Amino acid sequence: MGPTCDNEAAVPYPEKEIKVNDDIEQNAVNSTNAQEGVITAIAPAVDAAGFHRRLGRRQIMMMTFGAGIGTGLWVGTGTALRYAGPGGIAVSYTLVAAIVYAQYMTIGEMTTYKPVHGGFIRQCAEYVDPAFGFAEGINFWFSWVMIIPAEITAAISVLKFWDGVDKVPLAAYITIILAVLVFFNIFSVRTYGHVEYYMSFVKCLAVFVMIAFMFIMTSGGVRATHGPIEFRYWKNPGAFNNGMKGMAKAFIQAGFSFGGGEHIAIIAGEAKDPRKTIKSTIKPVFWRMFTFFVANIWLVGMCVPYDDPQLIDGEGTLGSPFVIALQRANVTWLSHIINGFIFLTVLSCGITSIYVASRSLTALADFKLIHPFFGRKDSKGRPYVSLIISAGLGGGLCYLNLNNTAIEVYNWFSALVAISTLFQWASIFISHIGFRMGLKAQGIDHKSLPFRAYGTPYIQYFALLVILFIFGCEFYLSVFPFDAKPSAKAFFSTYLAAPLFIFDFLAYKRCESLRRGR
C-alpha cells in the first residue's frame, strides 16, 4: 500500500467563512474554486463518497463519553501504578488529561468548521501538506489496526479471571471474539451507533460504580480496611517508584489509556446535523476527563499500593488495580460484576477499533492519497474493502498469542499504539496552527467560527511541548527498557511508528516529485 501519484496539490487555506447553518455536503461538493466556497483540496466530491449521515446527537455524545474507557484504564493503569507509584500516575495522568482536553477543543474548532468525511486526516492534508496527511493517515490506520489484537488479547486475559477458562483452546477464543467484533461492523452505521451507545452506557456505569466504591473505601466505609485509608500508601511503600524512569513509564501508559478521543473527527463524517452535534459533544468533555480519568486515577492510587503482589504478578484483570481494590476490600461478588463490565468494555473498544480503522483507510482512498480500490463501498455506505483488510490484518496478529504470553503480546501492541497516539495528537495541534494561519491569511475572523478552542494558540504550543517530552520518555525506555537489556528488538517494538511515519512522508514527497516531473 503506497501513495498514489495522481492527485492535485492541496489548497492550504480556508477560502471563506462557513456559516453555522450552511449545508455542509452541498458546500463541500460544489465549492470548486476560490470564489465559490471552502477548501476542496483533496477530491472535490469526497463528501459524496457514499457514506450515510445516520449517527444522532445522543449516540455520538455517549460514544464520546465512553471513548478511552478501555483496557488502558482498567488494565493498563496497573502497569503504570506498579512502575511509577500513586504519585507518579497522579502527575502523569493529570497532565496528559490536560493535553487531551486541549486536543478535544482543537478538534472541535476544526471539525465544526468543516465536519466532513476524513476528520483530522483531511485536516492534516489541507492545512499542512498532503504528504503530512498521508503519513498521519497511515499512522492513524496503523494504530487502530494494532488496537484490534491488543483488545482481543486483553479480552482473553479478562476471561482468565474465572476458573475453567483454560479448558477451551486459545485459538477458539481468539476466533470467536474476532467474529463478534466483525459481526457488529457488517451492519449499517446506524446499527453500529446503537450498539456503541449502549456499550458506552455500560462503560460509564462501571466507572461511576468504581469511583463511588473507592471513595467509600478510602474514607473508611469498608470494614476490611480497618479505618480510613486516605494517603496511607503514599507514605508506605511511598508515592513514587523508580524515579524518573517510572514516571516515563506512566506517561507512556497514560498516552495509551487516553487514546481514542480523536476519532470524533472521523465520526463527524457520518453524523446528522454535525455542527450542532459535535459542538454539544465537545462542551462537557472537561467533566468527562476529570471524572472518568483524573478522579479515578487518584482514588485507585489511594486504594492499592504499588507493591501489591497481585499488581506485580497478576495477568489481565487479575492485575487490574480496580479488581485488586475490590478483593482487598473482600467484596468478591462486586469484583465478578466489574470484571464482566470490563469484558464488555474491551469488546466495545474492539468494535470501535475496526470501525475507525476501516473509515481511516477509506478516507485515504477517497482523498486519492492511496489507490481508490481501498475506498470501495456498498449501497449502504459500508466500506467493505477496508473493513476486510483492517479486520483481517488486526485479527491475524491476534494469533501471536498462541506462541507468546498474553501480557507480552498486550505490551507489544500497547507500546506501538502509544507512540502512534502521540503522533496523532501532535498532528492535530500542528494542523490547527496551520488552520488558524489560513484563517488569518484569508481575512476570516476566528470569532465567527461555530466553535472556538479556548486558550488558542497557547494550549496548542504547550501541548506540543508536553508531547515532545513524552516522545523523549518513550525513546529513553525503548533504549533502556525495564527488566530487559537494550536491544534492537526492544527499540523497534516500541518505536516502530516513528520511522514508519517518516518513511510514509518521504515516500509521498518522492511520488509527488515524480508526478510533477512527468
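Glycine too: its Cβ is placed from the backbone N, Cα and C atoms.
Range with TrEMBL annotation transmembrane segment, chosen from 137-155, 384-402, is 384-402. Contact counts against the transmembrane segment (197-216), taken as Cβ pairs under 8 Å, peak for 337-358 among the stretches 83-104, 337-358, 414-437, 458-478, 490-508. Of the Cβ pairs linking the transmembrane segment (384-402) with the transmembrane segment (170-191) and spaced 6 or more residues apart, 3 or more are under 8 Å, so the two regions touch.
Between the transmembrane segment (458-478) and the transmembrane segment (83-104), three or more CB pairs separated by 6 or more residues in sequence fall under 8 Å, so the two stretches touch. Same-chain residues lying 6 or more positions outside the transmembrane segment (337-358) and placing a CB less than 8 Å from one of its CB atoms are 63, 66-67, 69-71, 74-75, 141, 144-145, 147-148, 151-152, 154-155, 158-159, 161-162, 177, 180-182, 184-185, 192, 195-196, 199-200, 202-203, 205-206, 209-210, 260, 263, 266, 317, 320, 322-323, 326, 383, 386-387, 389-391, 394.
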